[in-house]
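Asks: According to Swiss-Prot, the record shows the following:
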- 1-18: signal peptide (SIGNAL)
- 60-84: repeat 'LRR 1' (REPEAT)
- Asn92: N-linked glycosylation site (CARBOHYD)
- 110-133: repeat 'LRR 3' (REPEAT)
- Asn178: N-linked glycosylation site (CARBOHYD)
- 277-300: repeat 'LRR 10' (REPEAT)
- Asn295: N-linked glycosylation site (CARBOHYD)
- Asn388: N-linked glycosylation site (CARBOHYD)
- Asn427: N-linked glycosylation site (CARBOHYD)
- Asn434: N-linked glycosylation site (CARBOHYD)
Amino acid sequence: MLVLLLHAVVLGLPSAWAVGACARACPAACACSTVERGCSVRCDRAGLLRVPAELPCEAVSIDLDRNGLRFLGERAFGTLPSLRRLSLRHNNLSFITPGAFKGLPRLAELRLAHNGDLRYLHARTFAALSRLRRLDLAACRLFSVPERLLAELPALRELAAFDNLFRRVPGALRGLANLTHAHLERGRIEAVASSSLQGLRRLRSLSLQANRVRAVHAGAFGDCGVLEHLLLNDNLLAELPADAFRGLRRLRTLNLGGNALDRVARAWFADLAELELLYLDRNSIAFVEEGAFQNLSGLLALHLNGNRLTVLAWVAFQPGFFLGRLFLFRNPWCCDCRLEWLRDWMEGSGRVTDVPCASPGSVAGLDLSQVTFGRSSDGLCVDPEELNLTTSSPGPSPEPAATTVSRFSSLLSKLLAPRVPVEEAANTTGGLANASLSDSLSSRGVGGAGRQPWFLLASCLLPSVAQHVVFGLQMD
């Protein structure tokens, strides 16, 4: 009897027990599979309009991406004590009830990205998620978030909130003592205030690229002493305070490319001895202060391409010794003696290539590596010549034949022209200066009938003779 009873119990267990060792059946629209320490539930692209009523209580991962979910009520997922990862990306969520994630005490990763209708989050949306380490709110078209939104997430390490509509760094970040990575790129952030990043003492990576940042306030990164990667590229920065990066002694990557900077100040990088990658490309930089890079002894690559630099003095690096690669293309370089040191370094190190010369004229279009600098009698460098194509010929150029003939013909015309009284000449208009010789003769009946035949014959033959004379002179 006992054997039959046990047999009946085993036969009555849900089919999911055999597949995923779960206590409840796998939802009809989902696929469940056994993973380490539980089961994985995949319900992506299932056409769901609501969260399945019953989910396996042993689930460690649930994927509900690309469905039609619009609303999450309180305890929307029931009680799932083992759940560590929940993904709700690419749905139509417009509201999340405070307490929607209660019953998920071990949740470590929550993905809500690409819910473009969400736009608003209640201050207690993430209440009770004390073990959450990764939160993805990217592309939710959020204008702002409550100051206390993340206050109950003491374990949060990584926040992805890019592709939103924030105009300032969310105040909800302040005081997140364990946050290490913050992704805030491609938004509308206009400034990094001195209080924006307060309390982020473990922050190692901050991305603010492709926003509208016009100002970085002094001391803005004062609490970020362990920051290693700072991306401020593709913003609207035209100036930086002298101590903008003070205290960032562990910074390894700094990207300031794609801004509106017109110079590089010496004070900016004074504390960045560990910096390995520095991007200053795609700005309007025309001047680099002496010693601007002198403390960057560990630099592996310096990007200065796409600026307005005409010269780069060695004193920008002294007394440091730069060992990294130098990117200098797309600048209007003036390849005179001020760049001789760079040409020599290019030959010796092989770490610099593509330095196109825009001037002087004799080397324009060449690469700096192709320029040969002359030496004066006392051994000093001599600049390449500045070509002037309009005055470069050593002597007067020969006059074109057509011009010579026309001048000779003009002279003949004057010699053959009839003399007129002074009064009549004074009344001649400027327009008559272009009249032809034949017009003048026919209109005035010059010299009487007895002189016309030889006069006309001379006027016809002499221009031809003049051409032969000029041609003979040119051949000589």
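Every residue gets a Cβ built from N, Cα and C, even glycine.
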Asks: For the glycosylation sites Asn92, Asn295, work out the Cβ neighbour count at 10 Å and name the residue with the minimum.
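Replies: Among the glycosylation sites Asn92, Asn295, the sparsest Cβ neighbourhood within 10 Å belongs to Asn92.
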Asks: Relative to the Cβ position of Asn178 (N-linked glycosylation site), how many further Cβ atoms are located within 10 Å?
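Replies: There are 14 such Cβ atoms around Asn178 (N-linked glycosylation site).
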Asks: Could you tell me which three-state DSSP class Asn178 (N-linked glycosylation site) falls into?
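Replies: In the DSSP reduction, Asn178 (N-linked glycosylation site) maps to coil.
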Asks: Can you name the far-off residues of the same chain, 6+ from the ends of the repeat 'LRR 1' (60-84), with a Cβ under 8 Å from a Cβ of it?
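Replies: Distant contacts of the repeat 'LRR 1' (60-84): 35-51, 54, 90-109, 111, 117.
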Asks: Which residue counts does DSSP yield for the repeat 'LRR 3' (110-133) in the helix, strand and coil classes, in that order?
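Replies: Helix, strand, coil within the repeat 'LRR 3' (110-133): 0 helix, 2 strand, 22 coil.
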Asks: Per DSSP, how many helix, strand and coil residues does the repeat 'LRR 1' (60-84) have?
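Replies: In the repeat 'LRR 1' (60-84), the DSSP-based counts are 0 helix, 6 strand, 19 coil.
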Asks: Summarise the model confidence on the repeat 'LRR 1' (60-84) as a single mean pLDDT, whole number.
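Replies: Mean pLDDT across the repeat 'LRR 1' (60-84) comes out at 97.
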Asks: Calculate the distance in Å between the alpha carbons (Cα) of Asn92 (N-linked glycosylation site) and Asn178 (N-linked glycosylation site), and round it to a whole number.
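Replies: It is 31 Å, counting Cα to Cα.
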Asks: Whole-number answer please: how many Å between the C-alpha atoms of Asn178 (N-linked glycosylation site) and Asn295 (N-linked glycosylation site)?
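Replies: Asn295 (N-linked glycosylation site) has its Cα 30 Å from the Cα of Asn178 (N-linked glycosylation site).
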